[in-house]
Amino acid sequence: MGRKRSASSSRWLAEHFKDQFVQKAHKQKLRSRAYFKLDEIQQTDRLFKPGMTVVDLGAAPGGWSQYAVTQIGSKGRIIACDILDMNPIVGVDFLQGDFREESVLNALLERVGDDMVDVVMSDMAPNFSGMPSVDIPRAMYLVELALDMCRQVLAPKGSFVVKVFQGEGFDDYLRDIRAMFTTVKVRKPEASRDRSREVYIVATGYKG
């Protein structure tokens, strides 16, 4: 006898396919609904300009990179990384690997090269177990690594956008970002599901 989906997973699938942003992404042949989250952030915060260099962490399936390419143009460059594979996007240099591993970080830094990065963006998230006591520390570890990446490659006055799940450690993390950047906003894009604990911290004016 085949296994049945749980009530919660069936409910998630029903919500997913009813979601207007999922439908829009499908109609427009976009990689994911995350495209619209970054678009909304760009309309408000103006992170991207033509010719910029961008690092995209947790890039797969490619919604953020796909959007950023439209903003930075052919003279810009995106260096993207994810533990999962991602179909190629013109203008995106993709590295598959676990960003938590030193060897992957070094390979990513090698691809960045001597260029200073204008925007670091992170949509990284762990595989969730459903246990907040486990999931939140895992998620916070990833966003701390993303902030460390800023310290290594971000140009003065550069920008950082990161998905963060509200919970233990969030306030301390926000305080750290405010110490490093001139302007820091917490955004909840319309394309983010209401019941999700995710928010996006948008930080501009890196103090270097």
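Glycine residues also receive a Cβ, built from the backbone N, Cα and C atoms like all the rest.
Annotated active site, proton acceptor per Swiss-Prot: Lys163, in sequence order. Proximity of Lys163 (active site, proton acceptor) to non-local residues of its own chain (separation of 6 or more, Cβ distance below 8 Å) is seen for Gly58, Ser122, Asp123, Met124, Ala125, Val143, Glu198, Val199, Tyr200, given in sequence order.
Per Swiss-Prot, the feature S-adenosyl-L-methionine binding site maps to Gly62, Trp64, Asp82, Asp98, Asp123; the stated evidence is sequence analysis.
The Cβ of Asp123 (S-adenosyl-L-methionine binding site) has 23 neighbouring Cβ atoms from other residues within 10 Å, across all protein chains displayed. Farthest C-alpha pair in the S-adenosyl-L-methionine-binding residues Gly62, Trp64, Asp82, Asp98, Asp123: 18 Å apart. Less than 8 angstroms from the CB of Trp64 (S-adenosyl-L-methionine binding site) sit Ala34, Tyr35, Leu38, Asp56, Met121, Asp123, each of them six or more residues away in the same chain.
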